[in-house]
Every structure is written in C-alpha cells, then in structure tokens.
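What follows is a set of notes on a single structure, which appears directly below.
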Amino acid sequence: MANHDIDITVARGTVHALVGENGAGKSTLMKILYGMQKPDEGTIAVDGEQVSFSNPGDAIARGIGMVHQHFMLADYLTVLENVVLGSEKLYGIGDRARAKIKEISDAYGLGIRPDVHVEDLGVADRQRVEILKVLYRGARTLILDEPTAVLVPQEVDALFDNLRELKAEGLTVIFISHKLGEVLSVADDITVIRRGTTVGTADPASTTPKQLAELMVGSELPSPETRESTVTDVPMLQVKEVRLTATDPDGVVRAVLDSIDFTIHKGEVLGIAGVEGNGQSELVEAIMGMRHLDTGVLTLDGQDISQTPTRKRREDGIGVIPEDRHRHGLLLEAPLWENRILGHVTEKPNSRGAFLDLKAARADTERIVREYDVRTPGIDVTAASLSGGNQQKLIVGREMSHNPKLLIAAHPTRGVDVGAQAQIWDQIREARREGLAVLLISADLDELIGLSDTLRVMYRGRLVADADPATITPEELGSAMTGAASGHLEVPAETAETVETSESGDGSDDPRDGGEDR
Amino acid sequence: MKKIDKERVLLGLAAPLLAIVVAFLVTAVVLLATGKEPFNAFGIMFDYGSKADSQVYILNKATTYYLAGLAVALGFRMNLFNIGVDGQYRLAAFFAAALGGALTLPGAIQIPLIILCAMIVGAMWAGIAGVLKVTRGVSEVVSTIMLNAIATAIIGYLLQTGRLGHLDTAGTKISTKPIPESSHFFEFPTATGPVWGFIVVAALAGVAYWFTLSRTRFGFDLRTVGQSGSAAEASGVNVKKMVVTSMLISGAVAGLVGMPTLLNDSYEYSGDFPVGIGFTGIAIALLGRNHPIGIALGAILWAFLERGSGQLEFQGYDKEIVGVIQGVIVLCVVIAYEVVRRYGLKRQQRQVGAKLAAQARNSEKQEVSA
C-alpha cells in the first residue's frame with residue numbers, strides 16, 4: 001500500500017540495497033517487481049524492455065527471482081525435492097536435476113548437499129537452498145527480502161561472500177534491509193525509501209551509517225543503550241530448574257527446555273540471546289502458562305505460579321509482547337478496539353463484571369492510538385490493515401496500559417520502524433525505572449546488548465552462557481549462540497576497547513532485525 | 001469512521017443479495033433446460049408465498065429454522081462445525097415429548113420443565129462431541145454426524161409400545177403420549193390460522209445470542225477462540241473448556257429447535273416429526289452470516305421458498321426445483337462471502353494506506369510552512 005513516485009534503477013552485476021524504515025514500502029515495491037501485486041501507474045523495464053507482470057511466473061520468466069524472508073521450504077523433503085518442486089519440467093526430477101544443482105552450487109560456492117532433508121539444515125543452509133531454488137529457475141536478478149534477519153553475524157558474513165560471488169558472475173542482487181552497517185558493507189548502490197517514495201540514493205563508499213540513517217528517517221537515529229542501572233535486589237520472576245519436554249513428529253520425547261534457572265529482579269532487563277528455535281518460544285509459553293512444566297517452579301512476585309492458568313497470570317501482571325504477533329497477539333480480522341481488549345478482557349477498562357464496557361474500551365483504544373502513535377484512520381479498522389510496526393505499537397500500548405510487573409518482550413522491535421523502535425525502547429526503560437522486570441528475547445544483538453542488564457545465551461533448550469552486556473561484543477555473543485562457547489563469556493581486553501569506541505561513536509548503526517510483513 | 005461503517009453494512013448485504021440473484025439466474029437456466037418457462041414459476045411462487053395464510057405458515061416454519069440457524073451459528077462463531085444439530089434436536093424433542101406426556105402438572109410449571117428437559121438433552125448430546133474433541137482430538141464434524149445416526153437409532157428403539165411409545169386410539173400410529181392441553185404453548189390467533197407463540201422464545205433467543213456474543217466477556221472469549229485459537233490461548237482463554245462449553249450451549253439451543261413443533265403443533269413425538277432441520281440450520285446460518293438478524297431473514301426466505309414449492313407442483317412444475325434454488329443459494333453464499341470478504345479487506349487496507357499517505361503529506365507541508 002501507499003507507494004508513489006518510486007524511481008529506481010538497478011545496474012546489472014551489482015548488489016543494490018533498498019533501505020527504509022519498516023512500513024516505508026520496501027516490501028510492497030518488491031512485491032510489484034516480483035509480480036505479486038500490480039502497480040496502479042508507472043512502468044517497469046528489464047534490460048531496457050518494458051514489462052508487465054501479473055504473477056510471479058511472469059517475473060521468473062523474465063529472470064527475476066525472489067528469496068522470501070520466511071523460507072518457503074517443505075521440511076520433510078530433501079533439498080533436491082524442494083528445488084525441483086514446481087519446476088519439474090526444467091531438468092526433470094532425477095540425476096539431471098541433481099547435476100544442475102551441483103553445477104549451480106559449485107559455480108557460486110553455495111555448498112549445497114542435494115540429498116539432505118531440509119529439516120536437518122540450519123537457518124543459513126536453508127537460505128542458501130532458497131537462493132539456489134531461484135537460480136535453478138534461471139533468475140539473473142535476485143531479490144532478497146531481509147535476508148540477514150535470521151542469521152548470526154558469522155552467517156551474515158558467509159551470505160555476503162555468496163552475494164559477492166553472484167555479482168562476480170554477472171548476476172544482479174536487490175537486497176532489502178534496514179541494517180545499515182550491513183548495507184554499507186555489501187552494497188554497490190543504495191536507494192532509500194521513505195513513506196512509500198524514493199527519497200534519494202547513496203554511495204556506500206562515501207556515506208556513513210549516520211548519514212544514511214538520517215536519509216532514511218529524516219531525523220537522528222536512536223540507540224538502544226541503557227545508561228544507568230535500575231536493578232534492585234527484589235526478585236520479581238524466579239525460574240527454578242524448569243524442564244519441559246515435547247514429543248516431536250517422530251514420537252520421540254525430547255527436552256525443549258532443560259535446567260532453566262534464572263531470576264529477574266524488579267527494574268532488571270534480562271536478555272536471552274540465541275538462534276531462533278533453541279527453546280526461546282517454549283520458555284515464553286512456559287512462563288505464560290501455555291505449556292505445563294515437567295519439573296520446576298515459577299515464582300512471580302513471591303507467589304508460586306507454576307500451576308496458575310494463563311488468564312490469572314496475565315491478571316497478576318504478566319504483560320506479553322509476543323514473538324509472532326499474528327498468531328499470539330492480534331485478531332487480524334477484528335477491529336482495533338477489540339484487539340485492545342484481547343488478553344485483558346477481565347480487566348478494567350474493558351469490562352465491568354461479566355459484561356464488556358465497550359464505551360470505555362473504545363475510549364481507551366483511542367488513548368493508546370494517540371499516546372503510542374499508532375498510525376490509523378480510526379479504531380474501527382481491522383488490525384490486518386495496519387502495517388506491522390503500527391500493529392506492534394498497538395500491542396505495546398495495550399500491554400503497558402495494564403501496569404505489568406513482568407514484561408515478556410519477544411523481539412519487541414521486530415518489523416518496527418525506527419521512530420517506533422525508539423519509543424518502544426523508551427517505554428521499556430521507563431517502566432523498568434518504575435520497577436518493571438523484563439524478559440527480553442531478541443535476535444537483534446545490539447538491542448539485546450543495549451537494553452539488557454544481564455545476558456544469557458540459550459542453546460538447545462539450555463542456558464549455556466552468561467555475559468555482561470557492558471563488555472560483550474555481538475561477535476562473541478554470536479559464537480556462543482552457535483554453541484561454540486559456554487560459561488561466563490569474558491572478552492579479551494583489546495576487543496573490549498573496540499566496543500567502547502563503537503558505543504561512544506555511532507550507536508546508530510545497530511543491525512536491526514526486521515520483517516514488516518510478519 | 002461513519003463512512004467505513006456504512007460500507008461495512010453495504011458489503012455485508014452485498015454477499016447474500018448477490019447469492020440470491022445468482023441462485024435465481026442459475027435456477028432459471030435449469031428450468032429452461034427442462035423445457036419450462038422460468039419466470040412464470042417464480043411468479044407463482046411469489047404470488048402464493050405472499051398470501052395471508054402463507055405468511056402464517058412461513059412465520060411458523062421460520063421460527064423453527066431460526067432456532068436451528070442460531071444453534072449452528074454459535075458453533076460457527078467458535079469455528080466449530082456442529083453438524084449434529086439434527087440429532088440433538090430430535091433426541092431432545094423426543095425426550096421432552098415423553099416427559100410432557102408423562103406429567104400432568106400445571107402448564108406454568110410443566111412447559112418450562114419440558115423446554116428445560118429438551119435443552120439439557122440437546123446439550124448433553126452435543127457435549128459428547130465436545131468432550132471427544134478436547135480429550136481425543138476427534139473432529140466434531142465426524143462425531144456429530146455419527147451421533148445423528150445414533151440418535152435416530154435410540155429414538156427408533158424407544159418409540160415402541162411398552163417403552164416410551166404409545167398407540168393412538170385408531171391403533172395405526174405410534175407416538176409418545178400426547179402432552180395434556182394445559183401444557184400447550186400459547187398462540188396468536190389470526191384470520192388465516194394461529195401464529196405459534198414460540199416465535200417469542202425464538203426472538204428472545206436471538207437477543208440473548210446477540211447480547212452474549214457482543215456484550216459479555218464470555219462472548220468475547222468465544223469469538224476470540226473462533227478467530228484465532230492461538231491468540232485466544234495466549235490471551236488466557238482455556239480453549240478446551242471453551243470448546244466443551246460452546247458445544248453445550250449450541251446443543252442446548254438445538255434442543256429448542258423441536259419445541260415450536262412439539263408445543264404449538266404436534267404435541268407428541270411420532271414418526272412424522274420433522275427431520276433434517278439441523279441441516280437446514282447450517283444453510284440458514286451461512287446465509288445469515290451468523291448474525292441474529294441475518295439468520296432471521298435467512299429463515300424467512302427458506303420458509304418462503306418451501307411454501308412456494310408446494311404450489312409449484314400443482315402448476316405442473318417439479319417441486320424439486322426449489323431444492324435446486326436452495327442448494328444454489330448456499331453454494332453462492334459461501335463463494336460470495338469469501339469474494340466480498342477479500343474485497344473488503346483489500347479495500348480497507350488501501351483506504352488506510354491512502355489516508356496515512358495523505359496525513360503524511362499534510363504533516364510534511366505543515367513542517368515546511370512552519
């Protein structure tokens with residue numbers, strides 16, 4: 001929605017980055033280029049020839065391929081099967097296809113093993129499969145939507161090596177991101193989009209992240225750093241020896257959480273780092289009461305809540321910014337004011353006794369929309385019609401409106417524009433000053449390091465390492481996240497120095513994790 | 001905001017109207033294919049259906065259909081497909097009739113007792129499906145359709161002399177013992193026949209349905225589960241409990257479906273007690289978009305079509321043609337709703353986008369001028 005006057009020219013054999021806040025219209029533009037949406041006016045030309053795409057098939061036929069932010073792979077099929085799926089006519093489904101995959105993989109250094117099941121692959125490998133899928137279909141121009149969102153720093157470097165390889169072979173890459181540091185390191189050209197229109201281009205060689213950021217938002221960029229400590233010694237949430245098992249599709253029972261043990265005090269932000277899928281979601285669900293613990297005790301503000309139902313826990317002061325807001329935080333086809341009630345239907349101002357108080361709930365929705373700057377024409381539109389960032393602001397506003405004792409913030413600024421991000425960070429900091437305990441889970445390492453008072457690393461359902469956010473670097477944290485390091489992470493002296501300079505210099509180029517279309 | 005609301009109403013009406021128009025067009029084609037003149041047939045139906053005695057018939061039929069539609073709609077709002085309304089109302093009516101025939105209490109006590117009995121039986125029968133779903137993961141579609149068959153068998157077994165059955169004086173028909181006159185439900189007499197008093201209960205049920213769903217915490221939780229099970233769970237709704245509870249309520253309303261017939265018309269349960277109304281209820285709930293007023297309109301339309309079908313036969317048409325109309329309407333409704341829903345959603349997103357872009361432009365201008 002709301003794209004106008006977009007002018008962009010991408011030269012062959014380059015990596016062209018498209019940056020902009022979330023909701024700026026990057027994804028819409030990409031959808032238009034990939035034939036998923038039709039422009040109301042304007043033209044697209046490929047190799048000087050004007051084209052019109054009515055579906056992705058047309059785009060693929062023109063050599064344009066897209067790697068989506070959320071992988072579109074079938075877990076139980078092999079890499080080969082995933083690649084040929086839907087393109088069986090190209091090279092068959094047997095040895096010819098396998099040979100072709102090998103050929104592409106070798107040509108661009110992708111290191112693909114065609115006969116492995118996708119479920120056994122890590123995130124970075126899956127991404128390479130997605131890239132290969134696109135190349136297999138003959139794409140000469142690749143669109144990558146937020147490709148680094150799910151990767152740890154080391155994997156990002158590997159991805160960039162792949163991109164340079166592709167470029168060297170004469171392919172064109174359009175790279176969507178709002179992680180400015182990454183953009184500057186890999187792109188040859190940069191186009192900035194703001195409020196649905198192109199506002200300028202930048203030359204990566206002569207642009208600083210700060211300049212780029214200002215171009216992007218039209219103002220200065222915030223940083224997630226927390227200066228003064230507000231940690232008290234009053235425990236708010238105590239998690240003791242928590243163990244949770246789940247039965248996987250093969251019927252094998254395995255522990256998804258094991259020996260989880262931590263305490264969050266009033267006024268403390270505990271950050272959990274980890275590659276997604278290592279038990280973070282399960283931990284959140286366990287604390288919310290959506291999963292029953294096998295063993296272990298949860299104590300909130302001195303009270304044992306291990307057996308308390310979810311609703312009571314939420315009434316007792318657990319606020320949640322869920323990881324997947326569409327699944328757990330919103331009713332997409334319901335109006336905003338009903339979404340304001342969601343999760344707090346038993347609390348004021350939403351209800352009196354057994355009855356809803358529509359007037360008060362609507363009035364309070366208006367207040368949240370105003371105070372949290374939710375950009376919407378009104379409170380009767382459906383949640384689905386808002387951009388991701390505005391949906392998130394509504395959720396944050398809702399959760400904060402009930403004065404939580406504990407806030408579970410899972411990727412609180414994912415898919416949120418820079419302005420809103422600063423606001424959400426401010427909200428967390430302010431509430432923390434007033435004694436809020438926060439469990440912060442984020443894939444954005446700078447956010448984690450910047451906001452947290454204490455850091456833990458989660459790996460395969462266990463808390464394997466802890467770190468001091470004042471001294472740790474994203475790289476160190478990244479290697480602990482892949483299981484390469486454990487225990488207390490000490491940083492060698494010279495690295496610590498770099499951290500300090502980068503902190504005082506530009507706290508602005510935080511790679512942010514994103515995805516406005518979630 | 002007013003504007004969007006008006007549009008929502010328009011969009012809401014667009015789907016059923018579109019569906020009905022298309023259904024009549026399709027039916028016209030079918031009639032033409034069978035070598036009959038279509039518009040004359042529609043004329044006959046309309047003339048006959050709007051006569052005074054037809055109006056009474058339609059209202060009485062619609063009362064029953066309305067309750068069936070509500071029972072199904074309650075499930076729909078929960079994302080549950082209660083196909084078992086059919087078995088639930090028959091079993092409920094049967095036991096209520098048996099109870100009513102066995103007692104001779106004053107009407108003021110006995111009538112509520114009969115109704116209560118029907119609601120409890122309906123609720124219990126539906127509850128089986130609810131419990132099976134949450135404990136064993138059995139789809140309610142499968143279990144309720146099985147329970148329909150079992151209900152038929154149970155009624156067949158019990159409706160025999162020596163059990164709950166009763167042979168009438170002519171010795172030709174087995175039914176439950178007739179309910180004493182003191183326990184007949186009141187009627188509104190009109191020149192062309194009585195309008196069943198149960199229409200009042202049906203209307204009250206409609207109001208209760210609307211109020212519970214849109215004005216109570218419970219209703220909010222119920223709708224939340226219907227819209228997104230995962231969001232409901234995260235918001236603190238006990239989804240399993242909600243599944244059982246809503247099945248119980250749906251079943252209790254289903255228990256009411258047989259009551260207009262039992263207390264205003266037949267006063268006994270026999271082999272010719274109306275069957276299949278549960279399935280009619282599904283069509284009507286779909287037609288009425290699960291909205292209490294929409295369901296009422298759907299129920300009236302359904303009764304109207306049925307009334308017209310009888311007359312068609314006399315005029316040399318096949319009365320099955322009405323079945324075709326009804327079937328096509330349901331099919332069209334399902335398609336039209338989805339089309340209109342997607343269109344509405346897209347349109348709203350575009351409007352929000354346009355509005356925000358306009359806001360952004362305005363604020364930029366202000367910044368410049370300031």
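Glycine is no exception: its Cβ is also placed from the backbone N, Cα and C atoms.
Here the transmembrane segment (B:56-76) has long-range neighbours at 49, 82, 85, 88-89, 140, 190, 192-196, 198-199, 202, 205-206, 209, 226, 246-247, 249-251, 253-254, 256-261, 264-265, 274, 277-278, 280-282, 284-285, 288, 290, 292, 295-296, 298-300, 302-304, 306-307, meaning same-chain residues at least 6 beyond its ends whose C-beta is under 8 angstroms from one of its own. Feature annotation from TrEMBL assigns transmembrane segment to B:56-76 (among others).
The feature transmembrane segment is assigned by TrEMBL to B:88-105 (among others).
As annotated by TrEMBL, transmembrane segment applies to B:111-132 (among others).
Annotation source TrEMBL lists transmembrane segment at B:141-159 (among others).
According to TrEMBL, the transmembrane segment annotation covers B:195-213 (among others).
Long-range contacts of the transmembrane segment (B:243-263) within the same chain: residues 60, 63-64, 67-68, 70-72, 74-75, 77-78, 80, 82, 84-85, 88-90, 92-93, 96-97, 100, 111, 114-115, 118-127, 129-131, 133-134, 140, 179, 183-185, 196, 198-199, 201-202, 205, 209, 222, 225, 269, 273-274, 277-278, 281, each at least 6 residues beyond the stretch ends and with a Cβ under 8 Å from a Cβ of the stretch. For B:243-263 (among others), the entry in TrEMBL reads transmembrane segment.
Annotation source TrEMBL lists transmembrane segment at B:321-340 (among others). Under 8 Å from some Cβ of the transmembrane segment (B:321-340) lie the Cβ atoms of residues 11, 14-16, 18-20, 22-24, 26-27, 30-31, 41, 45, 283, 286-287, 289, 302, 305-306, 308-309, 312, all in the same chain and six or more residues away from its ends.
When Cβ-Cβ distances below 8 Å are used as the criterion, the transmembrane segment (B:88-105) is approached by residues 68, 71, 82, 113-115, 117-119, 121-122, 125-126, 147, 151-152, 154-155, 158-159, 164, 166, 175-180, 182-183, 251, 254-259, 261-262, 267-269, 273, 275, 277-278 of the same chain, each at least six residues removed from its ends.
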